[in-house]
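Now, the feature entries from TrEMBL:
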type: DOMAIN; residues: 2-202; note: domain 'Aminopeptidase N-like N-terminal'
type: DOMAIN; residues: 241-458; note: domain 'Peptidase M1 membrane alanine aminopeptidase'
type: BINDING; residues: H313, H317, E336; note: Zn(2+) binding site
type: ACT_SITE; residues: E314; note: active site, proton acceptor
type: SITE; residues: Y399; note: site 'Transition state stabilizer'
type: DOMAIN; residues: 550-861; note: domain 'ERAP1-like C-terminal'
type: DOMAIN; residues: 903-958; note: domain 'NADP-dependent oxidoreductase'
Amino acid sequence: MHYEVELSLNTDAAVFDGSVTINLTYAAAKDLATRLEETFSLSLNAKNLIIHSASLTQLSEPIKYIPAAEISLNAEIELVTLLFPFRITSESAIAVRITFTGILNASMAGFYKSTYTDRDGMQKTLFVTQCCPTDCRQIFPCFDEPAHKATFDFSLVVNENMTVLANTSVTSTLYYSLPMLAIDKKVKKVTFARTPPMSTYLVAFAVGELEFIEAVASPLKPDGVIPIKVRRKGNVSQGRFALNVAVKSLEYLSEYFNEAFPLPKSDFLAVPDFAFGAMENWGLITYRNDALLCDEASATSQAKKMIASTVCHELSHMWFGNLVTMEWWNDIWLNEGFATFVGWQITDFLFPEWNVWTDFITGSFSGALQLDGLKSSHPIEVPVKSAAEIGQIFDAISYLKGASVIRMLNDFLGTQVFMDGVRSYLQEFKYKNAVTADLWKHLSLSSGVNVSKLMNNWTKKTGFPLITVDAEYYNSDNQTMTIDLSQSRFISSGNNTFGDNYDNETVWWVPLAIVSHLTRKIGPTKHVLNGKTGSVTFPYSNASAKDSFWKLNFESSGVYRVAYQQQQLDDVCKILKSQSELFSVADRIMFLNDTMALVTAGKLKISVILDMILALEHETDYHVLNQIATTLSSIRSMAYRESEELVQSGLKRLGLKVFAPKLDGFEYPPNEEYFDKLRRGLVISICSSCNDRAVISELKSRFVKVISGENSNALDPELRTIAFGSVLANVTGPEEARTVVDAILKWYTDIAQVQEKTRVLSILGSVDSEKEVDWILNELVFDLAIVRSQDFSVPLLGVAAVGKWREKLFQWFFEHWVQLMNKFEGNGRMLGGIFDACVSSCLGEDVIRKVYNWVEGDGMDQDLLKRHKKALAEFTFSREQSFETVRNKTALTKLFEGPLVPRIGYGAMGLSQSYEIADRAESLAVLQRIADEYVAFIDTANVYGNGYNEELIGEWLA
């Protein structure tokens, strides 16, 4: 199949006129046609296009285009059907020619306009495309499915002063004038080289005033020279860091895949308005500004890491996704899961000091398990029946679980064997389409293992296993340990919300990497559990020694959680307290992560996770501390309706117990180590959020110096938005709140780096002022001069992070639902994100009833109900997942009604601050109550005289 596409843009009227000629072989025509006998009928995808004419010719005969007898457009299913009053008389190729008019829209899909302000304060417009997943049909009529690969010839007619980009290089430019009403309009026709065979979702154009910087990639094997350009208007030098990453990444990938980069050039384009993070258009990769641009000298460590990993991810698609493409969207994970895995692999190669695989565990891996623990999750290979469903599967399952499963398989097979299989897969299917089974076939050939048999349940079934340790047996004669294991599907709600009506029959093939005190320096022993139950034996000695241990799932190489016996967890806590370095950083993280997940599933008491945090109070590694902070934040979030005095204050004190001793100043020394920077910022942030008044005061002082201009360097870039959030959360009245918000917004507009802008929007909701929160919800989010449509949900997430604003945000969503539907019509991705931001952080039976009634459309008239149901269908997956999260947390708080308040309230804050002590007998009774609630420690306060509480505890213990 081959397309010849010509578009003529009228940017003033925001429309374009176009023509497309599609050459089809007889076999393709026969396959695509509705009828081939008395009449010939052909259906193509088209959306928001006005079709002017359609005609057809058989290429085996003298070229004579015959007009279509009928052109019918079905907007509901986005199809245009062409009926020709004759039949195809010979088995020859045909050509279909269609003329049409389209819209340069503002919806960040199809061919759309993105506005920005240049360095002179003038508003400019960039016209750019986003075809993935199903919006090429908004640019020209086409067979808009990934299996219909074709070559393309593109020509665009634009104003002569505009730069034009497409997938391939420019082959010619013709300048001429168009007669207008009063003057001739000077334009140019830019023609591009023919593309390789590719899917329509990869088609890309950009038209605007653009500058560029350039570098050249020179892969060693296979050899070749590929120019890479980063393009934008103004401050294009901020693309230098991404450009340098791109050069090294492209060289790495060419050698990894042993296949040359398939195109003669690669453009990277920064787009101010962009619905995704980035898009892997072949030869013209588009990015949000903050995913491509930064001032390398002052950008934060996290900003540079995000840019590097995004660039590596998108470039890996040039082979895995573009060169070989999934046959249908149910295999989108082949694109996204693999690109995520390889993207991290390249980032680790380029920046080993970042230790990104540990980041992968705390971010991607944990995110995958969190979503896939829901009953409303979906398989990696998910059935897709309609265009409305396609956008919904670009989620953590396709990206993050997909990457985690590939990482697990890579670890099991070995890197070289895995790479050999991938290389042969690419060679067989390059410029073609493939399915998951094709990749398994080639990995089986390279490894000698039946990979399909091992992996089918991982990709075709929902969920992942919980591996439960049922028993352990130490054999001192043989110096071995044997453990009995069982597997079941892990459900984050346990059995608390839906009973037992879910699939628990799946048996996963589970690779087990077991590390012990004997093997921690030489690597784990490897085993497999491939039944519902099984036993594993491995070398072991000195089982009674205080530093002896064994642990499943070393470095989280397997996609599963582990449930240990209580005694084992107690022993783990003892080692974490005295010799935590015996466990790797990744393993310490997953002890916390798995334990918290089992607590929320109702399988462990909350005291277990709090005890584990206490055992790690002397931890110094950034990643582990970050996991502790995340865990405490999760508990605080769940308990946002509980007593401030007992629960929230108690958790803050526990946070300070862990983090306050690690506070080491507010200055960032020159050339400070990467993780030292991150740890410094994390500690300051947690101390501020836990109400450390000295930290809050220091951050405010530095904030004032920066905003007033007294000392612009008083806040290091790593610390700036932390300080902004702290000052907002601690304003002392409406006047100060308005002053602080105005100052931060001025800084946001005039000074902020691209990445910091998003972060600033996310912390505005921290402000301790109901008036300002109302302003955020009712004015700021709708002000396109400040909040771009792509970032609409960012301030909402900031509001949701503050417990006392959640009910207001929840009500705001329902009050503004019609307005939101109007603003984001047809954009289920955005509507789903907004719903999640406003609803998923809430809990309570009243919340559940309100959401249920809203879904049903209570109180809506028939017209509104129809629109409502259509909008809901566009984010079914994310809506059900958010709603399940609300139900889970609501059920969980019921489970914790007994132990939650006493365990935190009496355990993590001063004992004598949590109640009034009338006499000694009452004090002893309260101590007994605390013991009954499984309290592991008591933070006594010296209020009634030195040693008073300790004396009471001694009497009670006796």
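Backbone N, Cα and C atoms are what each Cβ position is placed from, and that goes for glycine too.
Same-chain residues at least 6 positions away in sequence with a Cβ under 8 Å from that of H313 (Zn(2+) binding site) are, in sequence order, A278, A339, T340, V342, G343.
Those residues of the chain, other than H313, H317, E336, with a C-beta within 8 angstroms of the mean position of the Zn(2+) site C-beta atoms are E280, E314, S316, F320, G321, N335, F338, A339, T340, G343, Y399. Cα of Y399 (site 'Transition state stabilizer') to Cα of E314 (active site, proton acceptor): a span of 13 Å. Less than 8 angstroms from the CB of E336 (Zn(2+) binding site) sit G321, F394, S398, Y399, G402, each of them six or more residues away in the same chain. Around H317 (Zn(2+) binding site), taking its Cβ as the centre, 25 other Cβ atoms fall within 10 Å, counting all chains. Around the Cβ of E314 (active site, proton acceptor), the same chain contributes A278, M279, E280, I285, Y287, A339, G343, each under 8 angstroms and 6 or more positions distant in sequence. Counted within 10 Å of its Cβ, the other Cβ atoms near Y399 (site 'Transition state stabilizer') come to 23, all protein chains included. If you take every residue in the domain 'ERAP1-like C-terminal' (550-861) and average the pLDDT, you get 93.
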